[in-house]
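This report refers to the structure that appears directly beneath it.
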Protein chains: 2
Amino acid sequence: MTSQKEPQEGHSTSTKVTGPSSWSKVSCPCCTSTQIEPLVLIQLAESVQPITKQWIMSVIAAPVKAGGAQLLVHPGEDMKGDMIVVAAPRCTLHRVTEELGLCKTYQDGDMKAFSFEDRDNFCNIDDTQQFLTLAERQFIVKHEMDLMKALEDQRIPGIPAPAGKLKARESILQKLEKAGLIRSITPLHDQERLADLGKQWYSQKSLWGQPLDYIHNYFGGTIAYYFSFLDFYTLSLFPPAILGIFITFFLPSANFSTAIETDSNASSKISDDDHLSVSSYMVQAVFSMLWSTIFMELWKRRSASLSYHWGTFNLAEQFQEPRPGFHGEIGTNPVTGRLEPLFPDWKRKMRMGLVSVPVVGFFLGLVILGMAGFYFCERLVSSWHKESGSYFTAPLLYLPSIAHIVYTNVLGNVYRNVALKLTEAENHREESSFDYHHTTKVLVFTFFNNFAVLFHIAFFKEDMPLLRKRLSSLLIVTQVVGQFTEVVVPFLVDRFLTSANRNLKEDDPEVDHLQAQGSLPAFPGLFAEYIELLVQFGYLSLFSCVYPLTAPLLLLNNLTEIRTDAYKLCKLFNKPFSAPVANLGVWQLAFEVLSFISVISNCWLLLLSPRVKEWTQEAGLSSSQVIVIAVIVEHVLLIVKMILAFIIPDEPDWLQVKREQIEYNSMQALKKQRIKSTRVDGKLQKAKMGE
Amino acid sequence: MTSQKEPQEGHSTSTKVTGPSSWSKVSCPCCTSTQIEPLVLIQLAESVQPITKQWIMSVIAAPVKAGGAQLLVHPGEDMKGDMIVVAAPRCTLHRVTEELGLCKTYQDGDMKAFSFEDRDNFCNIDDTQQFLTLAERQFIVKHEMDLMKALEDQRIPGIPAPAGKLKARESILQKLEKAGLIRSITPLHDQERLADLGKQWYSQKSLWGQPLDYIHNYFGGTIAYYFSFLDFYTLSLFPPAILGIFITFFLPSANFSTAIETDSNASSKISDDDHLSVSSYMVQAVFSMLWSTIFMELWKRRSASLSYHWGTFNLAEQFQEPRPGFHGEIGTNPVTGRLEPLFPDWKRKMRMGLVSVPVVGFFLGLVILGMAGFYFCERLVSSWHKESGSYFTAPLLYLPSIAHIVYTNVLGNVYRNVALKLTEAENHREESSFDYHHTTKVLVFTFFNNFAVLFHIAFFKEDMPLLRKRLSSLLIVTQVVGQFTEVVVPFLVDRFLTSANRNLKEDDPEVDHLQAQGSLPAFPGLFAEYIELLVQFGYLSLFSCVYPLTAPLLLLNNLTEIRTDAYKLCKLFNKPFSAPVANLGVWQLAFEVLSFISVISNCWLLLLSPRVKEWTQEAGLSSSQVIVIAVIVEHVLLIVKMILAFIIPDEPDWLQVKREQIEYNSMQALKKQRIKSTRVDGKLQKAKMGE
């Protein structure tokens, strides 16, 4: 029997209760507390009537059995206002912590999956703000609200029939959002801690280090993982950056080949230089290949350690609810036995195979078409100019480039919409599967759009100086443009346009402070940030042997990127919800695929470099012999890469022991529980017989 | 509360009790039964004294808490005899079934992980022989005996000090085997069912079909999986066999190229033939690649279905005991917290990296050396013969071949011992990890030893007719030799040498029948069988485009192989123990790696074939262009292979639903149990307070 201590209450009573109205009552006695922390702000549409607001609040406060979320609600200023503030009672927080499978520090100092029954043996269990991070508490509120369900057909009070009709088992929050009753749901900032975090994060003087634990605590899993990865990646850029600088400035022959071409020295000296440059070229290519492999493997270990440290390494698999856009015929889910919309898998596969794949292929074709058109027009225009050269035809020379840039951008934008529509048409049941297919579609196109030109220059034109020029300009231009559009523009908009709303003083009513939080734009998510990193990583691992300064430039970029991303997240957007996660998810795979392609790319770049060609000609090898050698080298390198990936364990040893420990203990506990439950059954029977 | 019905007893009372002595008594009342089935026979060394035998029997019968196996024992003829017959009480069988995670048919017809508490809802629970297969019952007996442990330092009675000393936590069975007290432990045959199985299996008239369920029932998991794979593989050989026959006999140009070379027709006709043969060559290569991929993917699905059908798809991960040969310094196991020998992982890795890998590399080098020596000697001898041709030098021509064959065989035998020694020196803790590393070592060498010569002929000598000749002779010779040594020899030995022991009649005492079972040689395991299949599969997927008759020949071989393997297993060896498994284990991986290599091999074989060369020359392609095309084709094919492997799900849809169902239900059950256990706690407290 576990002894059921009454949890101790009331350490600090910093009453944060807002306005004259009061919080809803708690149903369970153990959770009554004088200190209620507002976690999430729901902003309603202005048209919402008090009766509807009242109903929404009552649903949120209702117990889970009644289809509610068992949370605490507060009407803000008064019942007429357009906001609802939501908090969470201790019971709900603990229950969901167990359901999610979050791990917390046990009394023996190890991380252990939280168990409600065994809660008294976890550290800090009495202080909820210590026990769960702010981001976790806010995520739990959102998670529970997402699960609110109508138990039977009913009407939303104050809303006319078609929009206000709720069917049995329909998700209430989805319905409210679809009907336009909810403008936004945002986790609330804690201004004091935000300022503190900002000081440690982007305002610090030192170039290095981010307060990752603090970020995880305040912003939550997905965001902390992004910044951890950015951190690790930037750190990993040092070795290639140093090598790149060394090759560029201390081995002059590896520099722009034009420099040598214009330099008409004795042939003996060139030959010497050539040998040198070939070897530096090879060093760079092989290094690049090894680096990308080891980087990914070490990141996996780092990621595993983080997930242990943050208690997410044992997350429970959730039987996810259907995502909002999912539709289908109502039927019995074969897994859960519940009535819900069903959509057959073969139909989805048909749509993927017969619609999505061809359409994506079509867009990839358009990219190539654009490229071909660009080269064609360029040749056409330059021949015109040569024939009838005048002041009027000179500006025409820029026309193809401009047209191509416009074309690429338009295509990119159109494709982004098409990818979203296609994935929606595939009608995925789970949010995670939707994200996966959507991301994959965007990724394939982005790869193509960014790298097709470079591959074309490298392997068809075989024009290394052009590749080098193109790469360097791309790196510098995207860096400048990226930083500008990502930060400077939102910063200026924020400063001069929207800040009027935020001229609040400390002594203004709390409600106004809350209101101000809703006024910022919604955080656009990390999609664009990851894509940016991925394209960077592509430039580096695919082509850096041509332009050794890639790594130093990227290092410079990332050191500022960390700061600007942090500033953006803290200041320029609403705080986003962020789920507890254990890894980068689909992005991990994308980086791994890229690092695989890099081996192949580096091999052939090496082969095609003019120096290697000269060198092999001198060595008396026929071109087909050279290619055969390259093929063998490529295959050997791929095998080395696979062996490397295989022998570096994905988890540090200590973590593996911990994991096995946890498995072993839970197995033992299960055995004990079985024995106990049979014994208890026996005792109960005896007790009954004794009555 | 689950209602605890008393299990019903005594359907059939076919008393199989052996001899005048009696079975040990059962400790728990629910297991008393008039029908005890002898499962396992332990043969002791002849020197074992009655007092020692008595002790061994008492340990086997002791409860698990006392370090025993909680089984039933019978002394055979009398206490002086050298055998112990072991049976299992119902309780032990049920408990271990749950521990192993075996799935059994639930009352609703689905398979479900067996739960002791919920046992009354499983089908056939009252009839143990229906509920568990014979092989499972026998495996459970072995499993429990393997777990017998000395609880404290003690002496084995009747054995002098050094060999008879048992340390605390030492495995008793391992000790007894090490001390030479146990000659063998064999599961007992059920002669009636064995005869019945044989009739359905190898004595049947029809060419097709094996009684796989019966095999699984009688022989158990690993063996049933081997025969299922053999079955599936043989069936899968039909498409390539048909294609091969078609190409050989209906497209005459694809036949031995010598036929065309001697045929000096008009060049126009040859050119026509060439085009045809190139295309048939390509068809065969591409088909081979696709076939090997699809075959592996479909087998995975088949394997998953079988594991559901046989109740092994949810096997519990076992915290395995250290294997017999494992040694190290006594310390606390960080996972289980038990005192046991420990061996640091880095030491093992050092041994692998610094000893095993170089030694294996050295042997691979010896293979190449042997090959080089063979070619060198052959050239030498033939030039001698040409110079001073006489009757005496003619037999010398065969010398290099003979020497090479002897060398290869000796090398293979030496290597087999070295691989075992190396793996033992790596000191793996778990049997499974030992098997994995041992198998990998043997596999790498076998690949090399079998395929190095073929690759050399194909890619260095580029001599396709020789490759074809070599392949066909290899196929036919290995087939004939293999069948002969595997079956005919043991059969003759069995018939004329050892059968004297087995001239038993029905009315001889049961003990003699038992004794006879121990007299056969131990089953050598499936290692050699799998290697044989793998080499076959290699010939087929790597080189079949050169010799299209490979598939039909293999098909013929396998149809007999099934029968001979079955006969061997049933008649010529002792019955082996066979663990419940859910897939082929390490062999699955080996086949997959081979099918990956086959893509690369087929591509380059295609390129090197003389016809393709002529053809490309006619088309005006330079040799380097041809190689570049081949590289592109290879990469595209590899990508197609990966996509194919990705889009064919590894499990059939229905199985995925079942699996999710089980996960969902166990999650729900866990939730309910938590609620129940807190309530029961409450009730108990109330009941106490009421007293």
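Cβ from N, Cα, C; glycine included.
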(message) Of the residue ranges B:54-75, B:472-493, which one carries the transmembrane segment annotation in TrEMBL?
(response) B:472-493
(message) Is the transmembrane segment (B:472-493) in contact with the transmembrane segment (B:581-607), using at least 3 Cβ pairs under 8 Å (sequence separation of 6 or more) as the test?
(response) no
(message) With Cβ-Cβ distances below 8 Å as the criterion, list the same-chain residues six or more beyond the ends of the transmembrane segment (B:281-299) that contact it, or say none.
(response) 229, 232-233, 236, 239-240, 243-244, 247, 254, 537, 540-541, 544-545, 548, 591-592, 594-595, 598-599, 602-603, 605-606, 609, 611-612, 637, 641, 644-645, 648, 650
(request) For the transmembrane segment (B:472-493), could you work out the same-chain residues 6 or more beyond its ends whose Cβ comes under 8 Å from its Cβ atoms? (result) 532, 535, 539, 547, 549-550, 553-554, 556-557, 560-561, 564-565, 567-568, 572
(message) Need a quick answer: max count of Cβ pairs under 8 Å to the transmembrane segment (B:442-460), which of B:354-376, B:537-560, B:627-648 is it?
(response) B:354-376
(request) Mind checking which residues of the chain, 6+ beyond the ends of the transmembrane segment (B:354-376), have their Cβ under 8 Å from one of its Cβ atoms? (result) 400-401, 403-404, 407-408, 411, 415, 418-419, 422-423, 425-426, 441, 444-445, 448-449, 452-453, 456
